[in-house]
Every structure is written in structure tokens, then in C-alpha cells.
Amino acid sequence: MIPPSYIGRFAPSPSGSLHFGSLVAALGSYLRAHSQQGQWLVRIEDIDPPREVPGASDNILRTLDAYGLHWHGTVLFQQQRYQVYQDQIEAFIASDLAYYCQCTRKIIQTSGGVYDGRCGRLQPRLTHGAIRIRNHVKVDHFVDKLQGPVVVDKAFAEEDFIIKRSDGLYAYQLAVVLDDAYQGITEVVRGCDLLEASCRQISLFTQLEFTPPDWLHLPLVCAEKGFKLSKQNYAPAIDVIHPQASINAALTFLGQKAVDVDSVEVMLKQAVEQFDLSTIPAQKEIVLSTIND
């Protein structure tokens, strides 16, 4: 069997129910993958147990199913991958490519707000604390398929960033890179809240000698300027009983033509057939009230 040339994914965290912003990200990545005759995977990013809501993972998967957003293969849960993350961290430390750091946010703020690598220069080495990667591949720009050229602050790009937190939890940057590489993701389609983080992920991909995926960052759904819909600010869950209206609303948000109201499977088939990347607004955020203005 010839492997697909395109593999995309939707990777929500189980911190609550899917809301309209989640639907936009899920639908955008689904349409992009299927328009490329590719695969669309689902991964549950459950590496932050204190923020998890009991039952949220099952609720998310049921909601995707109710919307006809059926995934290829089995769902990957990041908690299944803890040993992989730990093995990579230990390999980094053994090669002096990572080190322990005990600097607090207050210490970093008093030294200009950017971590200066001081713990990486200590002798003898620290043996506990957060763990930072030695950032030997400094990435301060990349080209996004929708947003175009993206440039981040040089100090941010050069910083040795955390790959395991001081509380023992694995950092998102490490987990997402190892998982995207493991699943063979060829393009990451997600919201613009992670636009700058892509530079750190490209850095990690390169240091690990993996080929970075392409990047396509969708505009964020905002209730008002600078205030995105999120589970943390109690954005309402999307309707799983009558999903058709929400599907067309999400298509409109993404600059796509509405589809005929039918079963969700028929609606998504039509949406894939008429999907046009060039009509998605190349904006970092869109306030909901302005869509039909």
C-alpha cells in the first residue's frame, strides 16, 4: 500500500468540551487533509492532568463523531507516550544537549524577561528542576501557508526553552514535536495562538534531525479583539444534536461557501469538494460579530 503523501491532524486538549473555535480548527484541518486526498488523524494532548476535565476526552471524540469528522486509524493519547518523552530527555542530558534549571519567573523577569542560559553554565551541573534544551538551532522566521512570512523576536528565538517542567510534567513543545514526527504529520493546521511557538518546534525538529512539517495557521475565533474563545474562558460547547448550523457557520468563518443542509457526512463531502484555501482570511484573529458585517 502506498502511504498517503499528506497527513494532517487535530490535537485538542481534554480541558473541556469543544467550542466553536475548536470546531473551526477541526474542520479547517479536516477539509485541508481531505482536499489533498490525505489522512486526518486525531490526537488527545493530555499531558497536563491538572487542567483536564474528567470525561472530556470521550466527550471530544463523541462530538467529532456527531459532526461527521471521522478520523483515520486510532486516536493517539499523549499519556501513552510518556516513556518516549522521558527517553528523549535523558538522551539530551547524556549528550549535554539539555540541562536542569532552577530559575523562577521572577528571576527571569528581573534579568530582562528572557532566560539567559545561566543554569546551563553552572559547574557542577544542577540535578533537579525544570529541564531546558540547549537551543543550538535558533529559528526566528518561517513561511506559513496562510499567514505568509512569520518573524519572531530574536531573543525569543535564541532562548533555551523548557522541555520538562519543574513539576515533572512534559512540556508541550517536546511532546508535540515527537508526536508529529512519530505520526508522520506533513502539515500542521491549527490556530494562530501557536504561530510563534512554531519557531521553537522547527528548532526541535531540526535538532532531532526530523523533517519539519509545513505550517498553516488559521485565524482565531474571538469574542472581542484579543480575547479568543477557549475552554478556559468558558466558551459554550457546540451543539451535538443539530450540528448542521454550526458546520455552515464554521465554513463561513473560514471563508468557504456554505453547503446544502443534509446529513453531516453529505455536508462534509460537499465542503471538501468546494474547499478553497485561497479564500480563508489571512488574519490572526476574527471577531465573531464582524463575520456578517
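In case you wondered, yes, glycine gets a Cβ from its N, Cα and C as well.
Keep in mind it's a predicted model, so treat the numbers as computed, not measured.
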From Arg134, Arg190, the one annotated by Swiss-Prot with Arg9, Phe10, Ala11, Pro12, Ser13, Glu45, Tyr172 for L-glutamate: Arg190
Candidate ranges 78-82, 183-187, 203-207, 228-232 [criterion: Swiss-Prot lists as motif ''KMSKS' region']: 228-232
For Cys119 (Zn(2+) binding site), the three-state class that DSSP assigns: helix
Residue with minimal Cβ packing [other Cβ atoms within 10 Å] among the binding-site residues Arg9, Arg190: Arg190
Average pLDDT across the motif ''KMSKS' region' (228-232), rounded to a whole number: 72
Glu45 (L-glutamate binding site) - helix vs strand vs coil (DSSP): coil
Beyond the site residues Cys101, Cys103, Tyr115, Cys119: chain residues whose C-beta lies within 8 Å of the centroid, for Zn(2+): Gln102, Ile107, Ile108, Asp116, Gly117, Arg118, Gly120, Gly129, Ala130, Arg132, Asp160
